[in-house]
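These features come from Swiss-Prot:
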{"type": "BINDING", "residues": "His65", "note": "O2 binding site"}
{"type": "BINDING", "residues": "His65", "note": "nitrite binding site"}
{"type": "BINDING", "residues": "His94", "note": "heme b binding site"}
{"type": "DOMAIN", "residues": "2-148", "note": "domain 'Globin'"}
{"type": "MOD_RES", "residues": "Ser4", "note": "phosphoserine"}
{"type": "MOD_RES", "residues": "Thr68", "note": "phosphothreonine"}
Amino acid sequence: MGLSDGEWQSVLNVWGKVEADLAGHGQEILIRLFTAHPETLEKFDKFKNLKTPDEMKASEDLKKHGVTVLTALGGILKKKGQHEAEIKPLAQSHATKHKIPVKYLEFISGAIIHVLQSKHPGDFGADAQGAMSKALELFRNDIAAKYKELGFQG
């Protein structure tokens with residue numbers, strides 16, 4: 001399930017584009033997540049009242065959370081699969097405090113792929129999409145394993 005060096009390079013190349021505008025990418029990814037899967041909004045007290053994409057775009061809290069999410073994910077991706085230290089506290093908080101099901105991590109992975117494809121078509125072709133999908137699946141599988149250790153059935 002691991003990625004080749006070339007695949008990791010592809011992931012990190014496009015991630016450099018994300019880091020150039022964490023707020024913009026994070027906002028778009030969360031809006032995509034919440035509009036495609038409105039049930040995910042229920043896990044976010046700060047965002048439950050946001051019903052339209054325009055309301056979501058106007059939310060500074062949503063923008064800040066997008067930066068938080070993508071900063072954490074970037075730190076994990078840069079570890080190229082050697083992310084045990086980063087995954088453990090994330091799994092702990094998402095299992096015990098936030099109670100985020102693995103299915104929702106699949107949903108946000110889809111939102112990430114969609115937004116990167118729309119914002120960076122020249123840098124995110126089929127090979128890059130495949131590499132990112134594998135990297136996100138590796139992340140989800142490792143989170144799911146930690147959830148299991150914690151007794152969370154998410």
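Positions of Cβ are set from backbone N, Cα and C atoms, glycine also.
Counting residues of the domain 'Globin' (2-148) by DSSP class, helix then strand then coil, yields 115 helix, 0 strand, 32 coil. Cα separation, Ser4 (phosphoserine) to the residue listed as 'phosphothreonine', rounded: 27 Å. Of all Cβ atoms in the shown protein chains, 10 besides its own fall within 10 Å of the Cβ of the residue listed as 'phosphoserine'. The Cβ neighbour count for His65 (O2 binding site), using a 10 Å radius over every protein chain in view, is 17. Rounded to the nearest whole angstrom, the C-alpha distance between Thr68 (phosphothreonine) and His94 (heme b binding site) is 14. Listed in sequence order, Ile100, Ile143, Tyr147, Gly154 are the same-chain residues six or more apart from the residue listed as 'heme b binding site' with CB atoms under 8 A from its CB. Around the Cβ of Thr68 (phosphothreonine), 12 further Cβ atoms fall within 10 Å across all displayed protein chains.
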